[in-house]
Amino acid sequence: MKKLALHWQILIGMALGVVFALILSNFEWGADFIGDWIKPFGTIFINSLKLIAVPLILASLIKGVSDLKDISKLSQMGVRTIGTYVITTIIAVSIGLTVVNVVKPGSTISEETREELVANYGGEADLKRQDAEKQKNAGPLQALVDIVPSNIVGASSNNANMLQVIFFAIFFGIGLILIPEKTAEPVKAFFDGFNEVILKMIDIIMLAAPYGVFALLAALVVESPSADLFAALAMYALCVISGLLLMIGVYILIVWIFTKRSPKFFLNGISPAQLLAFSTSSSAATLPVTMERVEEHLGVEREVSSFVLPIGATINMDGTSLYQAVAAVFIAQAFGMDLSFATQLGIIATATLASIGSAAVPGAGMVMLVIVLAQAGIPEAGLALIFAIDRPLDMCRTTVNVTGDASVSMLVAKAVGKLRDQPLVKNWDDNYKK
Ligand code: ASP
């Protein structure tokens, strides 16, 4: 019997998770049952993905950088990668601004709903504000200081320090290029083998993906707030989602134009990572799967994927920046403010920077939204308006974030001649069967 493709298995797992939770929420004990007996499996699944992230970045980036054999190639690729990331982010913010200005979802919010939302979510919004406050108080160069760890073991002990691990790996890779080849060889071979093992572990974890997403979505359904509030925010949510869909269209188009890969090829290759991004709301947790899919199913060679993707997971968040633009203007509209053209241009700049600064974890985009609001002079209390619907939108924007990273990696790979015509698909039991 032909095996069902992974993305279908994951989709079925997601759908069953939702249906299961909807059925169980009719019973008084349903939510507790899911919290106690189902949700932990989702947590285990996410943990196992996060577990892989640091060793994967270390091994693949060290190997990838050292394979470039030449530091000028590295800087060329770096400039190309960052440049493309910034351009896609600016496109995303502009799409968001256009949609929200045309649809004007904020004007559909009644005074009454606004007050209700502020009363319900004011407290939670305050917590986000405090988180943002910490970041705002830092000096202008703090972001740069934060990239350089003072201790590599310390840096690797926290997934939030991904940029520090990336820094170490690139630095180590450069060292490896500069030492005599004979001495470098065993080190490279070690990291190569290490990387293969990690990729195999991802294959094994992915066998559990349909069950993992079942648990994650079931838990989300029983924890989500009431449907009435969702309805009040429907127009806003629709703006974010249609902007995000347009952005996916942009990726498909640029991949098609610049690499001649069909939409079907691209989406088939990347969809399991997209579905995981949707289910986990974290591009960092999805990173191992994104890397595996991009290398083995989209044909990007490791030298490029190992460099472009970990950096992308931390700094390239097109979905987040698009959402921040829509949310900021929506809040302004709901408070009856008219934003000038100059303020909206300011939003393009701050949303681009804020998305770069957002951590790749659930809800991070909302914390950084505070900074976009503050810059544009929009009341930060407005966060409470969009709180109720943030999680589902987080799921959607994370999907776009991951898709963006994957498409940019294909563009960069094509530009530097590292895009394979035929991807080398590897299954978890390839060697085992023989
Ligand atoms: N959850 C998003 C991510 O990990 C970040 C955000 O927008 O909150 O990509």
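Quick reminder: no glycine exception, Cβ is built from N, Cα and C everywhere.
Taking TrEMBL as the reference, the stretch among 316-338, 339-361 described by the feature transmembrane segment is residues 339-361. Ranking 162-180, 201-222, 234-258, 339-361 by CB pairs under 8 A with the transmembrane segment (82-103) puts 234-258 at the top. Counting Cβ pairs under 8 Å to the transmembrane segment (201-222), the top-ranked stretch among 37-62, 162-180, 367-389 is 37-62. Nonlocal intrachain contacts for the transmembrane segment (37-62), taken as residues 6+ away from its ends with a CB within less than 8 angstroms of a stretch CB, comprise 20, 156, 159, 162, 165-166, 168-170, 172-173, 176, 191-192, 194-195, 198-199, 201-202, 205, 208-209, 211-216, 218-219, 276, 280, 282, 284-289, 291, 302, 305-307, 310. Counting same-chain residues at least six beyond the ends of the transmembrane segment (162-180), those with a Cβ under 8 angstroms from any Cβ of the stretch are 53-54, 57-58, 61-66, 68-71, 74, 146-149, 152, 155-156, 187-188, 284, 307, 310-311, 313-315, 360.
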